[in-house]
Structures are given as structure tokens and as C-alpha cells.
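For C:97-299, the entry in TrEMBL reads domain 'ABC transmembrane type-1'. According to TrEMBL, the transmembrane segment annotation covers C:12-32, C:103-124, C:136-157, C:177-196, C:234-260, C:280-302.
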Amino acid sequence: MSDISLSESEATKPQKTRLQIALRKPGFLIGVAIIGFSSLLAIAPGLFAPYDPNFIDYNAVRQPPSWAHPFGTDMLGRDSLSRVISAYTVNMQMALLATIFALIIGVTVGALVGYYRGVADMIFGRFVDAIITFPFLVLVIAVVAVLGPGLINMYIAITMVGWVYYARLMRAEVIAQMGNDYSAAGVVMGYSDRRIIFRHLLPNAITPVIVYWMTDMALAILLGSSLGYLGLGAQPPQAEWGVLIAEGRNFITTAWWLSLMPGVAIVLTGLGFSLMGDGLADLLRPRG
Amino acid sequence: MIDQKPILEVSNLCTTFRRGGVDLPAVRDVSFSVGQGEVLGLVGESGSGKSVTLRSILGLSRRYGDVTGEVRWLGQDIASMPERKLRHIRGREIAMIFQEPMTSLNPLLTVGMQLTETLKAHTDLNRAARRDRAIEMLDHVGIPSAASRLGEFPHQFSGGMRQRVMIAIALAASPKLLLADEPTTALDVTIQAQILDLILSLADEMQMGVILVTHDLGVVAQTCENVAVMYAGRVVEQGAVRQVLGAPRHPYTVGLMRSVPQNVPPRTQLYSVPGTPPSLEALPVGCAFASRCQNRTERCLTARPTLDAITDDRRVACFNPVAAEKAGAA
Amino acid sequence: MATLQYILKRLFLMIPTFFLVMIIIFVLVRFLPGDPAIAIAGDRASDADLEAIRERLGLNEPMLVQFWLFVTNTIQGDLGSSILMRAPVTEVIFNRLPTTAFLTLYAVGLSLLIAGPLAFVAALNRGRWPDVLIRTVFQVGLSMPVFYIGLILLTFLAAQLRWFPVGGYGDTFGARLYHLFLPSVAVALYTSAIIMRNLRSAIIEVLDAEYVQFARAKGLPNRLILGRHVLRNALISTVTLLGLSIGNLMSGTLVTETVFAVPGVGRLMLEAIFARDYPLIQGLTLTFAVLVSVVFLLTDLFQSTLDPRMRLT
């Protein structure tokens with residue numbers, strides 16, 4: 001109930017217990033474990049893959065799951081498990097490369113227009129309105145159409161559209177933070193703009209952006225594999241989950257395992273990122 | 001005035017909330033009774049458990065925590081009554097008004113709807129009769145051109161007017177007891193007296209008992225017959241207003257009395273009880289007030305004083321109560 | 001009167017936004033690789049033919065003139081001719097639009113049907129097993145890409161069990177409901193996960209609100225408290241969320257149309273891109289932008305009719 005003593009006692013809790021609470025949540029731990037293991041698979045897929053993912057064996061085409069091939073083999077006789085594992089490199093890379101540049105550009109632009117306001121901010125506002133008028137996927141697909149299909153172009157396309165969302169969030173946070181007294185104090189003390197932005201505003205305003213980044217990484221994997229499936233992202237024979245699912249599509253009634261297994265990897269990794277993101281949000285979010 | 005037989009008897013009421021694996025004893029062993037037409041004051045600082053006590057009486061706390069003890073309404077225990085039966089007592093026999101008129105009315109429903117839905121739940125009146133009664137109630141609590149305002153939404157009313165609306169809603173079904181949870185705290189000072197007068201005159205007119213939760217001792221002195229002072233979830237002193245406020249025995253009551261400015265020359269610093277109340281999750285073993293108390297002894301830190309009768313209807317929970325004659329001088 | 005004024009104000013504010021939208025589309029399309037004249041006339045066309053086409057399309061004019069032509073033509077409802085379909089772009093789009101609209105609304109309806117009751121069950125059992133179970137299932141649903149859900153549904157419910165057709169979209173209303181069921185479910189599972197999350201926390205917040213406590217103190221029956229006081233207030237944030245998610249919803253529709261071979265504008269977009277049909281890409285992108293804006297506007301209006309506090313501002 002809205003008893004004042006309750007909220008007071010919560011506010012006086014030391015920072016340490018918040019980490020302890022986050023660590024006690026099974027969701028957060030599961031998320032960290034999934035992402036930790038996924039990163040390991042991404043860095044050293046060779047350690048875990050039982051076969052060479054590109055080894056073609058026409059004598060063992062579309063074999064159902066067995067002890068020798070736990071996920072079966074594909075239409076070229078390649079080992080599906082090895083291909084799903086080797087795809088970790090590309091798909092985990094997606095989570096990072098499709099988001100990190102958008103994060104950097106967005107944070108910078110958002111902080112600048114939020115701090116200086118004026119004409120630049122007005123133009124930015126209209127621009128954001130225009131961008132959010134397009135469905136995300138439609139705009140990304142259109143940019144991919146301009147640049148041509150492929151992984152790198154896909155990263156560029158997602159970055160070109162995605163930075164706007166980071167910038168919008170960052171701008172709002174900077175403006176909220178500037179309402180606080182300490183940045184006003186910074187101006188009174190005669191600090192340079194750069195010092196105020198980078199030393200005072202950024203560290204405080206960035207928390208929600210980092211939380212958003214976590215969910216965005218989960219979305220990047222979903223988006224990247226969707227584009228791979230549609231033929232606009234990674235291109236065969238590259239092992240990528242969306243591409244693998246698309247390759248198995250034609251054999252879906254006879255060799256269902258080809259499409260099913262890469263999807264499980266997508267769901268697991270996406271789940272890992274969103275669980276980790278939720279836990280991080282609890283950890284970083286200031287409590288009111 | 002006061003009927004011999006109480007209508008409400010609360011005994012050993014305890015309410016415990018659980019937050020993050022920690023038990024918070026919000027209300028502990030609270031007992032009191034209210035007679036017909038009696039006005040009882042419940043005083044204490046924020047977080048002393050006054051509001052939770054009120055909400056526990058009406059069964060609103062049990063969704064959030066554990067409530068034990070007895071709440072006898074006209075002889076019937078309502079603390080353990082199932083929600084389905086209890087709802088016929090809520091609003092019809094015991095009504096409640098809240099502190100914040102801004103947030104206690106549903107912003108999406110018209111005032112008329114929020115008034116008539118109570119009538120629909122508790123009376124057999126038809127639609128037209130409910131409307132007439134709603135206008136009558138709004139008129140009664142002093143809302144001008146009541147009929148035309150039935151279709152308006154809460155945000156179209158001022159704070160004081162909203163509190164009047166809430167009173168009209170609460171009293172629509174003519175309850176026998178009103179639980180008023182700091183009904184004037186959120187209002188402008190000029191409006192406060194008006195609202196309080198309204199509540200008391202209506203109570204008098206309807207022969208309705210009132211439990212008035214407040215932190216304003218001045219209000220208690222003017223309006224209540226009996227008072228209970230709460231600290232950290234417990235009643236520390238209770239009795240007739242004239243005695244408790246006239247000659248307080250508990251050091252905390254003394255402190256509260258001293259913080260009310262009375263006949264002081266201008267520009268003197270106002271007194272306030274030093275220190276802050278202990279947090280509910282870390283209550284001391286002994287008396288909860290000990291750390292702020294000037295009469296503290298070793299015993300206060302190791303044992304908790306019980307609420308004992310010092311005269312017939314006067315109870316104090318203190319090992320070293322302030323002497324009666326000295327207290328009067330403070 | 002106030003509502004009309006509000007709509008006019010909103011429409012007026014949309015003008016600069018749409019000007020920017022058109023610039024973005026124009027720039028994007030000009031950067032598309034390949035010569036549109038060759039795309040229209042084919043590889044074996046003579047230079048004179050190509051030149052004539054360029055002249056007709058205004059491709060020889062300066063960029064600003066071209067942009068002016070694009071804007072004025074668009075306002076007059078002329079989006080050019082589709083190379084792929086050999087028909088006016090507006091005609092092609094309007095032929096396909098009803099299917100996509102049906103699919104999207106169907107998906108919204110299913111999402112609400114799935115998410116609404118479950119959000120209530122979860123919120124009312126906060127922290128207990130039904131809540132944990134529902135949240136876990138939806139957490140997994142949130143990590144499933146639409147094309148994957150679609151493929152699973154297609155394989156098992158359509159191809160294996162033959163409960164549903166593998167493609168097509170039906171002629172009558174009933175047939176459409178039947179044909180588009182799986183494509184809609186694929187989108188709805190993802191959307192309902194988002195709605196469930198939001199609605200659950202909205203309900204929890206409203207349940208703790210003072211006006212709901214007051215409603216309880218008034219002695220109202222529980223169903224009235226939930227139906228009148230809780231649902232109505234929680235609905236506002238859900239409608240807003242649904243409106244803001246229209247872009248995601250359309251992205252999902254695009255994918256699901258491809259997976260289930262539904263002839264809507266989403267699949268058309270992909271066909272246009274693979275065929276480098278630039279007038280069609282241009283027209284479709286604009287159509288999506290207009291649709292999203294209209295939904296944003298409708299959301300605002302719906303919100304202001306639901307919430308009296310927003311009516312007069």
C-alpha cells in the first residue's frame with residue numbers, strides 16, 4: 001500500500017542488494033548462461049562442431065537425426081548440427097554489428113540535439129516523425145534493395161534506420177537529465193560544453209539506452225535471420241540460421257529437421273538476450 | 001450522545017506486508033472501539049500505520065498482506081468474512097474516504113456514474129431514483145448546480161470539490177460509520193476547515209460514527225471524543241481527548257503536543273520531535289520510540305512496554321510515563 | 001467541434017512529415033542500382049527508345065524538377081506504372097491492399113483474443129504459478145521470428161494434418177477467415193506477446209490505483225470493479241501500444257505473406273525489390289507510410305474518446 005515508510009525503507013537499501021536481487025532471479029542467470037555459452041560457440045565453433053560444416057557428402061543426403069548426425073544432414077549431405085553451430089559466429093556477430101554503430105551514432109546525435117536544441121533539434125524531430133512512419137522492415141528492405149543483398153549491406157541498412165531509435169531515446173534522457181540541478185550547476189561553474197555532456201550528462205542518460213540495447217540485440221538476431229530467410233541478408237552457402245531454415249523449406253515435409261533445428265537456436269539466443277536485458281533493466285533502473 | 005454499546009470493536013489487529021522476502025509489520029496489536037455517533041481520532045506520523053489500520057478494518061489490506069485479529073462490526077467478525085459477503089458491508093454500513101481526491105476518483109468515468117454505481121450496489125432504487133439521490137447528495141455536500149455536473153469528469157472539478165464528491169459517494173448509502181483517511185491533507189488550508197466541518201456536520205446529522213485519521217492534533221482537539229496515538233504500527237497512548245491531549249503521558253504524545261504551535265511569540269523556532277521513526281523492516285527489540293526518547297532507560301532498549309490501563313479508559317505503553325502534572329505544563 | 005479542430009491540427013502537422021517522407025523515398029529510389037529505362041524497355045531496346053523513355057519519365061530533368069514531378073504526380077494519385085505488372089502502380093496496390101488489410105486486422109483481433117484474457121489471469125495471479133507460466137510461454141513467443149512460427153504452422157497444421165490450406169486466400173468472408181487463419185496466427189503470436197506484457201503490467205498498476213481501492217471500499221461487486229474500473233483504464237495503454245506497434249505488425253504481415261504465399265502488398269514489396277520495379281517500390285513504400293500515419297491518427301482519436309482528460313486539450 002502507499003505507505004511512506006515502505007518506499008523510504010526501499011530507497012535506503014544499499015546498492016549491493018540490488019545486484020543480489022538480480023542474481024537471485026533465475027531468469028537473469030539463465031539469460032547470462034545462454035549468452036555466455038552462445039558467445040563461446042561463436043568464438044570457437046570448431047571446438048564444438050563434430051564435422052566440417054561445409055563438407056559435402058552425396059552419399060549421406062537428407063539423413064534423419066541419428067547418433068552420427070544428431071540434427072541429420074542437409075540436401076548436400078552436410079552435417080546439420082555442425083552448420084547450426086558454425087552459424088553462431090554470424091548470428092552472434094549480427095547481434096553486435098547490427099546494433100553497435102546505431103548505438104554510437106544514435107547516442108552522439110541524441111546527446112547533441114538534446115543538449116543544444118534549437119533548429120537542429122527541430123529538424124531532427126521532423127526526421128524522427130518521418131522515419132517512424134515507415135514500418136522498420138520495409139525501410140530496411142528498401143535500403144538493402146539499394147545496396148544489394150548481403151551481410152555487410154544488411155548491417156549498413158539496419159544501422160541507417162536503427163540509429164534513429166537510439167537517438168530519440170538518448171535525446172529524451174538528456175533533456176530529462178538537464179532538468180536536474182547538477183548540470184545547471186556545471187554551467188554555473190563554467191565547465192565547457194564538452195565536459196558537461198561527456199562527464200555529467202552521458203553517464204546518467206545512457207542507462208535506459210543500454211537497457212534498450214539488450215532488447216535490440218535480441219531483435220537484431222530475429223531481424224537478421226528474417227532477412228536471411230527472405231534472401232536479403234546472409235547468402236548461401238554461408239551458414240546462417242535464417243538461410244538454413246530457407247534451405248530446408250523445400251524439404252519441410254520430408255526432412256523437417258533441416259528447418260526446425262536452426263529455429264531452436266534463434267529462439268534460444270533471442271530468449272537469452274531478452275532475459276539478460278530484463279535482468280539488466282532491474283539492475284540499472286532507478287527506483288522511484 | 002455516545003451509545004453505551006460500541007458499533008465497531010477492533011481487537012489485536014495485526015497487518016503484515018511482505019516485500020522482497022522481508023516481513024513488514026505495518027500494524028501491531030491495535031485495539032479500539034467506536035460507539036454510535038462517536039468521533040475517534042487516530043493520530044501519528046506518516047507511516048505509523050494509521051492508514052493501514054483503516055484499510056485493514058475494511059478488508060482492503062488483505063490482498064497485499066496478512067491480516068490477523070478481530071474486527072467486530074455490530075457483533076459480527078468481518079476480518080475473516082469472505083469478500084463476497086464483506087462487500088455488502090463496505091459502502092453500505094461502513095464507508096471510507098481517501099486522502100487524495102486527485103487519484104481516488106476514476107478519471108475515465110463521470111462523477112454521476114461513480115455516485116450511482118454505489119447506489120446500484122446497495123439500494124433497490126431504479127435508475128431515475130438513483131439519479132435524483134445522486135443530485136441530492138451532491139447538493140448536500142455543497143456542490144453548486146449539482147444536476148448539471150453529474151455528467152462531468154473528475155478532472156473538471158477542483159481539489160476541494162473532488163473531496164466533496166468523494167464524501168457524497170461515500171455517504172450515498174447512509175453508512176453508520178465513516179473511515180476518513182486524512183481527508184483534508186491534500187487540500188488548501190482554506191478548504192481544509194470547510195471539508196472537516198462538512199464531514200462532522202453530516203456525521204452529526206446522520207448519527208454516524210467517524211474514525212478520523214490525521215496528523216493534526218488541533219483537528220483532533222476540536223472534533224474528537226476519543227483519540228489513539230500510533231507510533232511504528234502500535235497504539236502508544238489512547239483515551240478521551242480531553243485527558244490525552246490535556247495531560248499526555250507517553251513521551252511521544254508530549255513531543256507531538258509540543259510541535260503544535262500554541263501561544264508562541266512570532267519568529268520562535270517550531271519544535272519537532274528529534275530523529276526519525278525506525279524503518280519497519282528493522283524495528284528494535286525494545287520500545288520503537290526509545291531512540292528518540294528523553295526518558296529512555298536500559299529497560300526500554302531490551303523490552304517493549306505493553307499498552308496498559310492507567311485509569312479506567314486511559315492506556316499508555318511506556319515504562320517511564322511522563323508525570324501527569326508535569327505533562328500539563330509542557 | 002473540439003475533435004474536428006484536433007483532427008485538422010493533426011493533419012496539418014502531418015504535412016511537413018510527409019514532405020520528409022517523400023524526400024526519403026525519392027532519394028532511396030534514385031539510388032536504386034540499374035537504369036530504370038532498361039528495366040522498362042528490356043536489354044535489347046535501342047538507344048533511341050531508351051532516350052524516349054527517359055524523356056517521358058522526366059529522368060533527364062534536374063533532380064529538383066524530378067522531385068517536384070514526383071510530388072505533384074503523387075498528389076494527383078499518379079504513382080507511375082509498374083514494370084513487373086505492366087499496370088498503373090495505384091491499381092496494382094489497390095488490388096492487393098484489401099488482402100493485407102484483412103490479414104492485419106485479423107492478426108490484431110487474434111492478438112487481443114489471446115493476450116487479453118491471459119493478461120488478466122496473469123495480473124490477478126501475480127507471482128503465482130499461472131502468472132509465471134503465462135509469462136514464460138510469452139517470453140519464448142517473443143523470441144520466435146514470424147517466419148519460423150509460420151513455417152512450423154504451415155508444416156504441421158497445413159501440410160501434415162491438413163487442417164488448413166497451404167496457401168491462397170479464399171473468395172468469401174468465411175473462406176478468408178479460414179485461409180488466412182494460420183498467417184494471422186503467425187503474426188498474432190508475436191504481437192500478443194508484446195500486448196500481454198504491457199496489458200499485464202497496466203492491469204497490475206490499475207489494480208493498485210487509489211480509485212480501484214476506493215471502488216472496493218464502495219462495496220462494488222468484483223466483476224464491476226474489473227470490468228468497469230480496471231479494464232477500461234488498462235485498455236487505453238493497450239490501444240496506444242497497438243497503434244504504435246502498427247509498423248511491427250506490418251513488418252510481420254510482410255513476412256507472413258511471403259511464407260504463406262498470400263497475395264498482399266507485403267509480398268508485392270519483396271517481388272518488386274527482386275524485380276527492381278522502382279515505381280512499384282516507390283509506391284509501396286509510400287503506401288506503407290500513409291497506412292502507418294492513418295493508424296497513428298486513429299489511435300490518437302480513439303485515445304481521446306476513451307480518455308476524457310485528453311478531450312479538451
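Keep in mind that glycine also has a Cβ here, set from the backbone N, Cα and C atoms.
Here the transmembrane segment (C:234-260) lies next to the transmembrane segment (C:136-157) in space: the count of CB pairs under 8 Å, restricted to residues six or more apart, reaches at least 3.
Per-stretch counts of Cβ pairs under 8 Å to the transmembrane segment (C:177-196) identify C:103-124 as the leading one among C:12-32, C:103-124, C:136-157.
If you look at the transmembrane segment (C:12-32), the same-chain residues 6 or more away from its ends with a CB under 8 A from one of its CBs are 63, 66-67, 70-71, 74, 276, 278, 281-282, 285-286, 289, 293, 297. Counting residues 6+ beyond its ends, the transmembrane segment (C:103-124) has Cβ neighbours under 8 Å at 130-131, 134-135, 138, 177, 180-181, 183-185, 187-189, 191-193, 195-196, 199-201, 203-204, 207, 226, 242, 249-250, 252-253, 256-257, 262, 264 in the same chain.
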